[in-house]
Amino acid sequence: MDSEEDMLDAHDMESGEDDFYSGGTDDCNDSDDGEPDYGFVEEDADDSAMIASHRSQKNFCVLREEDIRRHQMDNIERVSVVLSITEVEASILLRHFHWSVGRVHDEWFADEERVRKTVGILESHVVPPSDDSELTCGICFDSYPPEKIASVSCGHPFCTTCWTGYISTTINDGPGCLMLRCPDPSCLAAVGHDMVDKLASEDEKEKYNRYFLRSYIEDNRKMKWCPAPGCDFAIDFVAGSGNYDVSCLCSFSFCWNCTEEAHRPVDCSTVSKWILKNSAESENMNWILANSKPCPRCKRPIEKNQGCMHMTCTPPCKYEFCWLCLGAWMDHGERTGGFYACNRYEVAKQEGQYDETERRREMAKNSLERYTHYYERWASNQTSRQKAMADLQQAQMQNLEKLSDKQCTPESQLKFILEAWLQIIECRRVLKWTYAYGYYLPEHEHAKRQFFEYLQGEAESGLERLHQCVEKDLVQFLIAEGPSKDFNDFRTKLAGLTSVTKNYFENLVKALENGLADVDSHAACSSKSTSSKSTGCSSKTRGKGKGSSRTGGSSRNPDDNL
């Protein structure tokens, strides 16, 4: 079976030029399975659901628990009807074949006997004796009347007490209970959920049903649970658009490919490296190398933050040495420069003895400063994003109702404020990851770095204008005594800033995902233009009359303006 990455890559190869924010299909009903519509937000859904689905793309659908159960039952009924088997047997088949109805049909009609044997569905059920004679339990070997004995399709008799203990143990052991077989070691007959419903306790039945529900998502390559803590929604993903960012109704956005938080415009490998770098010890070692020196005796790193050059290592070492030359302090004094200088160090430095050490320290310092620059801004945008999410919640819970009363405007006409906050939250996320992008952008590609920093700076400026408008300018209307004649102008301004900022950030994302290809194309055009001009000048020098003049003039094509 192909891996999930292979499936997604295949979709990517088949797709044309990616439209990253338009989604893949017009509706989730366009999927191959032809499953019923389970949309993003119902018409009577509350505002929070509407807000959470604001950026929902058409290449995925959010599934609630009731949606998942409905799909499970639909699949079970389809298999049961087509194969003329019970729903219990159909659920066992689907669970074995990872809830793929098509594969169940293919395997069953190709070799029904083999499938029955593999899955544990017997063609003919063994009927226990109908008389009143007692039966012996195959586990405890006690004799019981027929009403105290239970069995599955194989007919092996076990008392209800042993069955209950067997089922309880397997359920508490984990999801393996979904593949339960007859307790007889030589028998492979499957145990369905009907036996669980009959003999398990209420808590165990609830746990079994939870495993059963989760198996539908976890066994399906195009479905995943939302990774947000405490979220019970699942995502049904349709590959093909090249955009792997999905947004759950809980408001958490994540990457379908790596299940980390949504991270466009950087790819999954860059995110993995960045997260690892943020949590690894490499930057700690860089800091130690840049800001400390090892004790000459015990090699423990020591930081000098103030005072003279006389250093004393911590116990039990207690070695006294010079910070500059690392020599024993007993060899130092007024003749070597006193407490704040070291002649020995200056002489050795001039002779080049510390060149390699200083070079390493300088490299570590530069590396640390560069990382700190990008990390601080990455973290700052994350903090700003969290603050914007809190402000959005406050706008939903308090400000909209208050503003509606003050301005005599229905809340339905104030959604432009929520749209602005949503756009700010999204832009903060994008801006945050541009700093990871910039950190890994090769330093020798100067043109790309300049273009990137320009785009990033413009994005920050535009976002700040939008943020200030919705955060500061709105206050005057919240504290106003009554309707303000300037409110419509504010609405127009905020809606316009939201639209402009959205378009700019979409273009920024596309530019970065394309590797800033515009820089290369502009460089190529400039090179081509320069070459054409040079050729034109040569022709003009050698040629005669208007012909050579036109040759020179024709080299000025529209590319020259790029």
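Note: Cβ is positioned from N, Cα and C throughout, glycine not excepted.
Annotated in Swiss-Prot:
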ACT_SITE  C308  active site
BINDING   C226, C231, C248, C250  Zn(2+) 3 binding site
BINDING   C255, C258, H263, C268  Zn(2+) 4 binding site
REGION    1-39  region 'Disordered'
REGION    524-562  region 'Disordered'
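Known features from Swiss-Prot, placed on the structure.
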residue : record                : contacts (Cβ under 8 Å, 6+ apart)
C226    : Zn(2+) 3 binding site : D232, F233, A234, I235, C248, C250, F252, F254
C231    : Zn(2+) 3 binding site : W225, C248, C250, F252
C255    : Zn(2+) 4 binding site : Y244, D245, V246, E261, A262, H263, C268, V271
C258    : Zn(2+) 4 binding site : C268, V271, S272
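The sparsest Cβ neighbourhood within 10 Å, among the listed recorded positions (C248, C250, C268, C308), is found at C308. Of all the Cβ atoms in the protein chains shown, 26 others lie within 10 Å of the Cβ of H263 (Zn(2+) 4 binding site).
For the recorded Zn(2+) 3 site, residues C226, C231, C248, C250 set the reference point as the centre of their Cβ atoms, and the other residues of that chain within 8 Å of it by Cβ are V62, P227, A228, D232, F233, L249, S251, F252. Under DSSP, C255 (Zn(2+) 4 binding site) is assigned to a strand (E or B) in the three-state scheme. Same-chain residues with CB within 8 A of the center of the C255, C258, H263, C268 CB atoms, the Zn(2+) 4 site residues themselves not counted, are Y244, F254, N257, T259, E260, A262, D267, V271, S272. In the three-state DSSP classification, C250 (Zn(2+) 3 binding site) falls within coil.
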